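Visitor: Got a structure here, written out as structure tokens. Questions coming.
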Amino acid sequence: MSQSAAPASTVAVDLSPEAFAEYLESQEKKSFLRFITCGSVDDGKSTLIGRLLFETKLIFEDQLAAVERDSKKHGTTGDDIDLALLVDGLEAERQQGITIDVAYRFFTTDKRKFIVADTPGHEQYTRNMATGASTADLAVLLVDARNGIQVQTKRHAFLVSLLGIRHVVLAINKIDLVNFDQNRYEAIKKDFASFAHGFDFDTMVAVPISARYGDNVVARSERSPWYDGPTLLEHLETIEVQSDLEDRPFRMPVQWVNRPNLDFRGFSGTIATGRVRPGDPVVVAGSGREAKIARIVTMDGDLEEAAASEAVTIVLDREIDVSRGDILVPPSHRPEVADQFAAHIVWMAEQHLYPGRPYLLKIGTRSVTAQVTEIKHRIDVNTFDHLAAKELSLNEVGFCNISLSEEIAFDPYEANRDTGAFILVDRLTNQTVGAGMVWFALRRATNIHWQALDVDKNTRAALKGQKPAVLWFTGLSGSGKSTIANLVEKKLNAQGRHTYILDGDNVRHGLNRDLGFTDADRVENIRRVAETSKLFVDAGMIVLVSFISPFRSERRMARDMVEDGEFLEVFIDTPIEVCRQRDPKGLYKKADAGQLKNFTGVDSPYEAPVEAEIVIDTTVGEPEENAERIVTLLRERGVID
Amino acid sequence: MAVDRGSHLKRLEDESIHIIREVAAEFRNPVMLYSIGKDSAVMLHLAMKAFYPSKPPFPLMHVDTTWKFREMVEFRDRKARELGLDLIVHINEEGVRDGVGPFTHGSAYHTQVMKTDSLKQALTKYGFDAAFGGARRDEEKSRAKERVFSFRTANHGWDPKNQRPELWHLYNCRVAKGESIRVFPLSNWTELDIWQYIMMENIEIVPLYYAAMRPVVERDGTLIMVDDDRMPLADGEEPEQKLVRFRTLGCYPLTGAIESSAATLPDIVAEMLIARTSERQGRVIDQDENASMEKKKREGYF
């Protein structure tokens, strides 16, 4: 072992050309395995990966020297080198001694190349585990031999199964600490099988190991003579996970339309499943337009055949309309096409998932607006119980109905990971907030058709001599929304305009009587009012909505429901101290005394508008003047003349 | 010669092409950072493949510290010309005006001003919302945890604890105005993969990677090539002609040569197989402090 970073050294090259050619060929023929390791904090995941890297000679001398230095500072193994330090990369992790993110590691043996995703074990890192599992074909679940199957082992097995991994290794670690006891090994193995039988794993192998000392990791241990199965590495090197991707129906989501000049029009993408040859018929899923494959183009020349996982450019024999987001499929095996489906969702954000809130959904190369219409149930990841839920919080898993802004093509996740997986993105923060797996299409949508009407919004509005609009008043309780909205309506009425007021308190007595004040109910409250105001706009009315409406997302949703220019956000910007002082209904007093829960501004957040058309500061100017400013705005925007 | 269908190199190639195409399709104004090294050579080759018969629909950009090996600059200009691609060369003019260099200001300050600050300057100046980089996860510990699509704030900072989850091959390409994403199409490649691919695909690389007689001086156990007369020599210090090559390329005063007779690609790969010192060892900047790479990245270094 080197003592310090080695200086520039002379390296002898003495491989014969023949030996070298042979080596290269063997490299080319190597197969490939992506796997994930999971286990709880002290089960020894990082130590195991460090051990694999060390034993397969992937650790360079200078890295080892750095780890020796670090071991003295942060190590948990006394005088031995702490191999986990090779793996725990981020400073924070080294200091806390835990793994907080997914790390990808690479090693290679004579038979195979490996990419391993090392993922954290804590329940609060469920999302990281899902991330690591999404691209893996096998999972190594670590169990501490002293403790046996734990709640987290069950959670990991469940998530691994949910993400579609079909091969599992149960690595029973620290077997040295139970004196290589065969009975202990058998008991844990049996325990695991008893709850995992429902998970549909194709293979499940249990290996007794010591990551710290190397027993049964690479070399067979003499200390467990009763164990006659493969070592962990032997198993990883030989297991056949090669799925039947190429034999499934052809799917190619179009990524990019390749159009260098008028004579060439190709569709670039990665083949998800199946295989194609020139001459094969394909259709665009969704539109059903059909063509034949003319060429499969690559920079290395045209191909006679292309199959799953290959990135190619396909040229069709005739001009049909194809763009990014479309999927090319065979006419005989088409995917589902619908605007609703049921799916499992792993929620990944601090902000909760609320039914009705719009998100951006990306599936394959297609992005559409989506909302969860119903959470059928939440799954307790530790007990697998189905629980009723109105929202999902960070790291929770739910089974949900999802509705999309338009029809898309997809497959069930079980049939196709690429065309059945999606992510949800928050439209304001752009964060990836959820990951989903399509279960099945919902047919309801196809039975409700729009009734075409002869009289439309414009004719209705023209009759009233105005343009329809939504004046959306938002602000804290007691800010003066209703007062000003009332004055504005009076003024409009005096001018002969057709108006209607939707007031928060009034609507809660009728339409929204069943809703409370949790965040989930607040979202639904606004969704219903937004839909109602849309109907009024369609009727040609000027509708004044006076709701606290604390969340940007829902105000955004209401804005998006009507046409550009029809939505005018009025921010009644009154500081909370002033509202509290006014307290017209005595609500702040109650909330401050703890008698009223979830009160906006007190123990529930208010997200101030960033794109309001007009901001009214009620601490300057009389309500009358402020109302006049709003009427002027309507005139400027051409709503009234 | 192309890589075989079904081989692991083909899988890596396909995955990288998918990533590169996704960026071209979803971003408004992407750029490929081209550092002239072997990883950049592979990345550029993959971009040519991804869009064939079209040209890559984005420019290349080189952040020139003005201390690159002369052979690198020649190679860069010729390559862009031959491939018919737009090349942006950005130099931090303030740094030049202040005379910043590794000998006068030290490696850390020089790198900060001429590389990190300069890169941020260029990204802001051109308003790029995505920038490809050739970094690999096997290079260094903090890179092993970085996403393929790595989000940067409007100040170009990286927050390792607040990375976007990245599942399947579904990349979240959404950014607000001023924010950007660094994209690493070679994330899953190892150094050996890079060399094998260069060999199989016959990709041209800067000759500095091959062994040749070059004038070097030894400083703190590192062999530094005297590439021009800006290199100050101590009293009695004489450049010595040695048979050397480089495993990585950067600013010449900060890049250590190794003594080697590997003059062909097979020689280089063979040498790698018995190498016992990891790649970044040759870079002087990494040894300044422990976990230094993570710090640099948070500040916007690639």
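Backbone N, Cα and C define each Cβ position, glycine as well.
Nobody curates TrEMBL annotations by hand; they come from automatic prediction.
Source: prediction; values computed, not measured.
Pasting the relevant annotations from TrEMBL:
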DOMAIN    A:30-245  domain 'Tr-type G'
BINDING   A:39-46, A:118-122, A:173-176  GTP binding site
BINDING   A:GLY475, A:LEU476, A:SER477, A:GLY478, A:SER479, A:GLY480, A:LYS481, A:SER482  ATP binding site
ACT_SITE  A:SER549  active site, phosphoserine intermediate
Visitor: Please name which of the recorded positions listed here, A:SER477, A:GLY478, A:SER479, A:SER482, A:SER549, is nearest in space to A:ASP42 (GTP binding site), Cα against Cα.
Guide: A:SER549
Visitor: In Å, rounded, how far does the Cα of A:SER482 (ATP binding site) sit from the Cα of A:SER549 (active site, phosphoserine intermediate)?
Guide: 13
Visitor: According to DSSP, which of helix, strand or coil covers A:LYS481 (ATP binding site)?
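Guide: DSSP call for A:LYS481 (ATP binding site): helix.
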Visitor: Would you count the other CB atoms within 10 A of the CB of A:GLY478 (ATP binding site), including those on all shown protein chains?
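Guide: Step by step: centre on the Cβ of A:GLY478 (ATP binding site), count other Cβ atoms within 10 Å, giving 24.
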Visitor: Compared by Cα position, which of the binding-site residues A:SER477, A:GLY478, A:SER479, A:GLY480, A:LYS481 is the closest one to A:GLY39 (GTP binding site)?
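Guide: Closest by Cα: A:SER477.
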Visitor: Using Cβ-Cβ distances, find the residues under 8 Å from A:SER477 (ATP binding site) that belong to the same chain and are at least 6 apart in sequence, listing them in sequence order.
Guide: A:ILE548, A:CYS579, A:LYS585, A:LEU587, A:TYR588, A:PHE599, A:THR600, A:GLY601
Visitor: Quick one: pull the CA-CA distance for A:LYS45 (GTP binding site) versus A:GLY478 (ATP binding site), whole Å only.
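Guide: Their Cα atoms are separated by 55 Å.
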Visitor: Please report the distance from the Cα of A:LEU476 (ATP binding site) to the Cα of A:SER549 (active site, phosphoserine intermediate), rounded to the nearest angstrom.
Guide: 9
Visitor: What other residues of the same chain, not counting A:GLY475, A:LEU476, A:SER477, A:GLY478, A:SER479, A:GLY480, A:LYS481, A:SER482, have a CB atom within 8 A of the CB centroid of the ATP site?
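Guide: Apart from the listed residues, the neighbours are A:ILE548, A:ILE572, A:THR574, A:CYS579.
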Visitor: For the C-alpha pair, I'd like the distance in angstrom between A:SER549 (active site, phosphoserine intermediate) and A:SER479 (ATP binding site), rounded off.
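Guide: It is 13 Å, counting Cα to Cα.
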Visitor: Counting other Cβ atoms within 10 Å of each Cβ, which of the binding-site residues A:GLY39, A:GLY475 scores lowest?
Guide: A:GLY39
Visitor: List every residue in the same chain as A:SER479 (ATP binding site), at least 6 positions away in sequence, whose Cβ is under 8 Å from its Cβ.
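Guide: The list for A:SER479 (ATP binding site) reads A:ILE572, A:ASP573, A:THR574, A:CYS579, A:THR618, given in order along the sequence.
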Visitor: For A:LEU476 (ATP binding site), which DSSP three-state class applies?
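Guide: A:LEU476 (ATP binding site) sits in coil per DSSP, no helix or strand.
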Visitor: Counting across all protein chains present, how many other Cβ atoms fall within 10 Å of the Cβ of A:LEU476 (ATP binding site)?
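Guide: The answer is 24.
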Visitor: Between A:GLY478 (ATP binding site) and A:THR119 (GTP binding site), what C-alpha distance do you get in Å?
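Guide: That separation, Cα to Cα, works out to 49 Å.
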Visitor: Using a 10 Å cut-off, grab the number of neighbouring Cβ atoms around the Cβ of A:ILE175 (GTP binding site), all chains included.
Guide: 29
Visitor: If one measures from the C-alpha of A:THR119 (GTP binding site) to the C-alpha of A:GLY480 (ATP binding site), what distance in angstrom results, rounded to a whole number?
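Guide: Rounded to a whole number, the Cα-Cα distance is 51 Å.
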Visitor: Name the secondary structure element type, per DSSP in three states, that contains A:SER549 (active site, phosphoserine intermediate).
Guide: coil
Visitor: Tally every other Cβ atom lying within 10 Å of the Cβ atom of A:LYS481 (ATP binding site).
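Guide: Cβ-Cβ neighbours of A:LYS481 (ATP binding site) within 10 Å number 28.
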